[in-house]
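Sequence annotations record features per position, and here TrEMBL assigns domain 'CBS' to A:660-726, A:757-814. For A:855-877, the entry in TrEMBL reads region 'Disordered'. Annotated transmembrane segment per TrEMBL: A:128-148, A:216-238, A:258-279, A:286-303, A:315-339, A:388-410, A:430-449, A:501-522, A:534-555, A:575-600, in sequence order.
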Amino acid sequence: MESEQLYHRGYCRNSYNSIASASSDEELLDGAGVIMDFHTTEDDNLLDGDAASPGSNYAMSNGGGVASSTTHLLDFLEEPIPGVGTYDDFHTIDWVREKCKDRERHRKINSKKKESAWEFTKSLYDAWSGWLVVTLTGLASGALAGLIDIAADWMNDLKEGVCLSAMWFNHEQCCWTSNETTFAERDKCPQWKSWAELILGQAEGPGSYIMNYFMYIYWALSFAFLAVCLVKVFAPYACGSGIPEIKTILSGFIIRGYLGKWTLMIKTITLVLAVASGLSLGKEGPLVHVACCCGNIFSYLFPKYSKNEAKKREVLSAASAAGVSVAFGAPIGGVLFSLEEVSYYFPLKTLWRSFFAALVAAFVLRSINPFGNSRLVLFYVEYHTPWYLFELIPFILLGVFGGLWGAFFIRANIAWCRRRKSTRFGKYPVLEVILVAAITAVVAFPNPYTRQNTSELIKELFTDCGPLESSQLCQYRSQMNGSKAFTDNPNRPAGPGVYSAMWQLCLALIFKIIMTIFTFGLKVPSGLFIPSMAIGAIAGRIVGIAVEQLAYYHHDWFLFKEWCEVGADCITPGLYAMVGAAACLGGVTRMTVSLVVIVFELTGGLEYIVPLMAAVMTSKWVGDAFGREGIYEAHIRLNGYPFLDAKEEFTHTTLAREVMRPRRSDPPLAVLTQDDLTVEELQSVINETSYNGFPVIVSKESQRLVGFALRRDITIAIENARRKQEGIMLNSRVYFTQHAPTLPADSPRPLKLRSILDMSPFTVTDHTPMEIVVDIFRKLGLRQCLVTHNGIVLGIITKKNILEHLEELKQHTEPLAASWYYHKKRHPSSHGSNGKPGSRVHHVQLIRSFQDGWGGGGGDDSEDEEEQVCLLNGSNL
Amino acid sequence: WDPGQTVHLLFMYVCVMLHRTHNQMKTYLLQNSEDIRCKCICPPYRDIEGQIYKQNVSLKDCNCLHVVEPMPVDGKDVEAYCLRCECKYEERSSGTIKVTIIMYLSILGLLLLYMVYLTLLEPMLKRRLFGHSQLIQSDDDVGDQQPFANAHNVLSRSHSRPNMLNKVEHAQQRWRRQVQEQRKSVFDRHVVLS
């Protein structure tokens, strides 16, 4: 056996050298060389090459960054089997292999670019395509955000009335130039007709109120119905907020069609309907999904991104930054959001691209100017009043409230969603949406704070009382006198308007809390940011007004004495609303840095960073005390997506041997031998098992590892051989070795499958602590890893096994609802990927200890394990 | 007949057309005179009620003195009155709003029509044309569970169909199958997005 191994090593080196000699110092570490291996049938010629000088080139290949030059040989031979290198639905990608593929492609383009002007142009295009694709993504997401903003505003006002002079204007735009000068009539203008005015002909009175009420419910229901129908008929993936799924996709999962054209279109269209229907949901989360769809669609224009799943995820990271950038008008917040919340792999290059995408998107949205206020969001506010140290106490209290709300919301919403998932109740999505929309509309209409658009509510709560304000919240008693000056905006006793507003706000708070729990997870596009912010803003405003009144009536307390003199303006209720909004959002999503930056970009006031930080941090602490995961992680876990969270720590002392499959009671590992199987036997192995990959061993006796072959590649290769090669029959011998085994003379032509064999599968020894294994999976993005003992294959650990193990250790009562598990049953032939064993087989063929491979350091490791096979479901073999 | 001249004329024509469309676009999208306003909100002052004034003036004229007309107070109080007024310059693009809303509504309308066609009309037509058996069959051939069928699909995907119509038909079929699949996983099995 040892000689066998040595033979392989020798061979590989030979073939390597022969290519290298044909092409000066080509660096042959990557997959391309292997595809070539497959397609050329003249491997033996290569073998005859120079076996004389293995050492030097070998060293060079190890050296890493050897500048590679052109290889006509490679170009000529590189014609991959169609389908190899792609992934099946609901599978995890292999980051290492994809990155490696990209490096190879890059190297090829670089080596070619001096050949001709055309090649040079192509290389320039390739170098620029990253920036081009994020530019296009930014443009598209900015434009779509503008469209959604304008259309949602208009549709929202359609519930109340219509603009007769120009149907396409909303209320505000309709009364753009009207001459109603008094405060009382500021919202009225002859062009804008409420439904009661149109139908009954009277604007006041109980009849018109009922008519308006009825029309409001009617429109809300029809919008909600249309939205859920469109989602159901055209693109079921368009429902929900999309952020949990995007997080999972960015961590390397494939959900086909999730970021497609139809999803984009339906999500854009129905998002407007859903927002306009008055449901307690926002458009911010779905905008991230919309931007990611744009990123995905544009990446198909550039081969660099369309053919490489890892590179595509870099574009998606940038796209999600652009999405938040337009959702909140916070470009930097968007970049940080992408970094903190959604991205899994975020190198500096992606940071700059995200920054640029966010910039372009914000620029486009600003030039569309959807709100007519030259701002990117409706609820942009500007304060310049100072805050005082004492106010940190109410701010921290708001943080506690936010944390409690977040923990409560996550628990309640997950329980409700689990119910929807597991019981028959989930069978009626349309009915559920209609029901929730009806309840929302019926309860919301009587209360002015819930009737209006949630964004407008937040705007009103954020805005401080000034001469421009006409809302009930600002009816302070002094204002009624009329004679008092407003310039210094002093603290005032609350008037009756403020008290009634308080009541209405309290009712609105309860209503929002209850409805949001039932709304998030409906089968319409539904974001969580706006309702959470609204809840926080309501609570914050209430606290703010309470503190303000306290300060007014007790201005001689030692707390207020120093800085809150009579007539001075010392409390800003709007600021409390903003801090509350940040705290609640932080409690729900557990974001910290990005959230503070987003809110601070909303206000444009640097001086409020400390209050925001205090509140957000408190809310995170309080929330974490009740459960460590944010709403998105909770939904990921509920759906059972294979998401290996990089934030969690693994502190247990289990060993690889205990986690690997097969377990003791299981049937033994399904393996392939390298040269004594027939096509028929291979097919029967594939038909009888549902694993997605098989270790290839030397022989039944030795059990030493040769490599790893993927189910999908095997099926494709056999099918391909049947079509293109003559003489392949059911009893043809299949071999993974370099040379065909010696066969009897009358046997049919053997089938060589070496090209689809991954000869450098990642291996660990059976005594490797799971801590390290989990770390490898997280950091390298592996999907599976073989466990060996003295070079003998013992078992396999997949990402799924690790997730199950983590779940077991957490001792959660509910079983892991593994979505991919079902899919595994449904797609037994799910393919893996790959099929291109690295050329540097000889390193990996002998089993290294894991630490050796890892200790090589960051730059080296990815080259070592380049050809990983990742099959989430190939759990054991 | 001179080809050069024809090309020249054609070019001229295109230029003229472009110019015309450009002008039209300008009138649609660029600011027409109604798209700017200066809005001054003046709080109550002495015995004068709070007032809101809107005027169609440019940014540099957007102040109380130009906008508040008629001035409710006389000469010496103007300054005091105007100090309390807050003036905001706002602009919008009514063309963009119009185009956006119309575009949105037409897309929505098309989608609704297509939805009605897909859910109501098509099954009816099919039933009338082919009878029941066809329907059941077409539902059945969705999933081919054989492992090698997948490879077959992958390999045959690369062969392009010559006929355009076939291609469209094929794409539509595939899209439908995908949506069917998505619907199953979201609404029936609840494996994603629940």
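Including glycine, each Cβ sits where the backbone N, Cα and C put it.
TrEMBL: automatically predicted annotations, no manual curation.
In summary, the transmembrane segment (A:286-303) does not lie against the transmembrane segment (A:534-555): fewer than three C-beta pairs, each 6 or more positions apart in sequence, are under 8 Å.
Scored on C-beta pairs under 8 angstroms, the neighbour of the transmembrane segment (A:534-555) with the top count among A:128-148, A:388-410, A:575-600 is A:575-600. Residues of the same chain lying 6 or more positions beyond the ends of the transmembrane segment (A:388-410) and with a Cβ under 8 Å from any Cβ of it are 513, 516-517, 532, 535-536, 539-540, 543-544, 547, 559-560, 563-564, 570-571, 576, 579-580, 582-590, 610-611, 614-627, 629-631, 634. Same-chain residues lying 6 or more positions outside the transmembrane segment (A:575-600) and placing a CB less than 8 Å from one of its CB atoms are 324, 328, 330, 332-334, 336-337, 339-341, 381, 383, 385, 387, 394-395, 398-399, 401-407, 409-410, 458, 461-462, 464, 528-529, 532-541, 543-544, 547, 606, 608-609, 611-613, 615-620, 622-624, 629-632.
Remote same-chain partners of the transmembrane segment (A:315-339), defined as residues 6 or more beyond its termini with a Cβ less than 8 Å from a stretch Cβ, comprise 130, 133-134, 137-138, 141-142, 145, 246, 249-250, 259, 283-285, 287-292, 294-296, 298-299, 305, 345-346, 350-351, 353-362, 364-365, 375-377, 380, 529, 591, 593-595, 597-598, 600-602.
This prediction places the mean pLDDT of the domain 'CBS' (A:757-814) at 83.
Beyond the transmembrane segment (A:258-279), the same-chain residues lying 6 or more positions past its ends with a Cβ under 8 Å from any Cβ of the stretch are 144, 147-148, 151-152, 155-156, 158-159, 216, 219-221, 223-224, 226-228, 230-231, 234-235, 237-238, 242, 245, 249, 286-287, 289-290, 292-297, 316, 436-437, 440-441, 444, 451, 453, 515, 519, 522, 524-526.
For the domain 'CBS' (A:757-814), the number of residues in each DSSP class (helix H, G, I; strand E, B; coil) is 23 helix, 19 strand, 16 coil.
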